[in-house]
Amino acid sequence: MSSKQVAAKLPTAKRIVVKIGTSTLTGGGSQLRPQNMLAIVEQVAKLHQHGHEIILVSSGAQAAGRGRLNSPELPRSVPAKQMLSAVGQSYLMRHYSDLFDIFDVIVAQILLTRDDLSIRSRYLNARDTLLTLIEQRIIPIINENDTVATDEIRVGDNDNLSALVASVLEADLLVLLTDQPGLYTADPRQDPEAELIPTVPRIDTDVMKLAGGAGTVAGTGGMVTKLEAARTAARSGVMTIIASGDETNVLTRIASGELIGTRFEPTGTHRESRKRWLLTDRTQGAVYIDAGAERALLATDGASLLPVGITRIEGNFKRSATLSICGPSGAEIAHGLSNYASSELRQIMGKKSHEISDVLGYSYGDAAIHRNQMVLLD
Ligand SMILES: Nc1ncnc2c1ncn2[C@@H]1O[C@H](COP(=O)(O)OP(=O)(O)O)[C@@H](O)[C@H]1O
Ligand SMILES: N[C@@H](CCC(=O)OP(=O)(O)O)C(=O)O
């Protein structure tokens, strides 16, 4: 693809997840360098002010902790790293908060583990919180909850975490900022002949073989986890760019369509990924809907399912369960994730959405099943 075509494509990247590696925040050292952070913050603030929705996934808690404790000689054991994160995370956020204040941008901290993005009820909550922050024009700054995460519940690295976030939020673009200009044919620290690869249409095993481990003492995962992340993102319809965080105005240039670093094409679409997920999931209940609701769902610009159109509910399920949606004839027409538990739906079915709060005392929103969480059966 020519750079002209790219320029035509990238400006549509409205929702962008930007992952900042320790190597970018420290400039290769073992402690945070606030001037490196400022350069990124300034660009993020500019994109935010131009209407982009930016979600930051930032590493650096351990590096911040190390700096705060004057680079203690600690074993590289998990508890030592967790201790550094516990000390450093608030310090990292204080830096971000102070730097974003310069540009009048409000930020919020979100600490996640794997379960928050893979267990349905928690995934829905995490997604709703993130979407609410984005809607309120607040920039979420995400890190893994290192201090309590054990191997079983950890994502383990922020490259993969950022890809999961990009997938959950159906982002247009994932940018992984690191200390190299992109993916090389070999680790450039080991091989001076290595060459930058500008585009990767598909991440197969040959591409995976190009990746080496972390090049810096502070980094986690190296290129391997970045390629894993790009593959996850590609499958869920998100384009990924790996680029150097040191490149001048790297983010604003990428957002304006310039081809910088290595670009990974999406291999699926948001819709396909949602569909695969919803169709393969076993349904935990069913909602029966009236003819008006069926028409609204099947319309070309299909609507969300509102409680008012529900006539009957089958099964006992929790919020975020996968449900069959059945038309008046009883035929299954769609699958969707319920925004309410069965006990709640039974109270609000047949009612107008503005009555939800009165009936339940709270509301998770107007829809019983949101359009974005629904797939029509062919
Ligand atoms: N094929 C490759 N192309 C580019 N960098 C590579 C490659 N293989 C391994 N690396 C290493 O990956 C490192 C970046 O990963 P990492 O140290 O985990 O950084 P970060 O903190 O940004 O996540 C680079 O410094 C580089 O040495
Ligand atoms: N959660 C850890 C970072 C983990 C990680 O993936 O680091 P990196 O490879 O530098 O992006 C921290 O805040 O120190």
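We count from 1, first residue shown onward.
Cβ atoms here come from the backbone N, Cα and C positions, even for glycine.
Just so you know, TrEMBL annotations are computer predictions that nobody has curated.
What you are looking at is a predicted structure, and each value in this text was computed from that prediction instead of being measured.
Matching Asp146, Asp172 to the substrate binding residues that TrEMBL gives (Ser59, Asn158) identifies Asp146. In this structure, Asp179, Gly221, Met223 are the binding-site residues from Asn158, Asp179, Gly221, Met223, Thr225 whose C-beta falls under 6 Å of some atom of ligand 1. The two recorded residues Lys19 (ATP binding site) and Asn158 (substrate binding site) have their Cα atoms spaced 7 Å from each other.
With respect to ligand 2, the binding-site residues Lys19, Ser59, Asn158, Thr225 contribute Ser59, Asn158 as residues with a C-beta closer than 6 angstroms to one of its atoms, given in sequence order.
Between the two most distant C-alpha atoms of the annotated substrate binders (Ser59, Asp146, Asn158) there are 11 Å. Taking the C-alpha positions, the distance from Asn158 (substrate binding site) to Thr225 (ATP binding site) comes to 8 Å.
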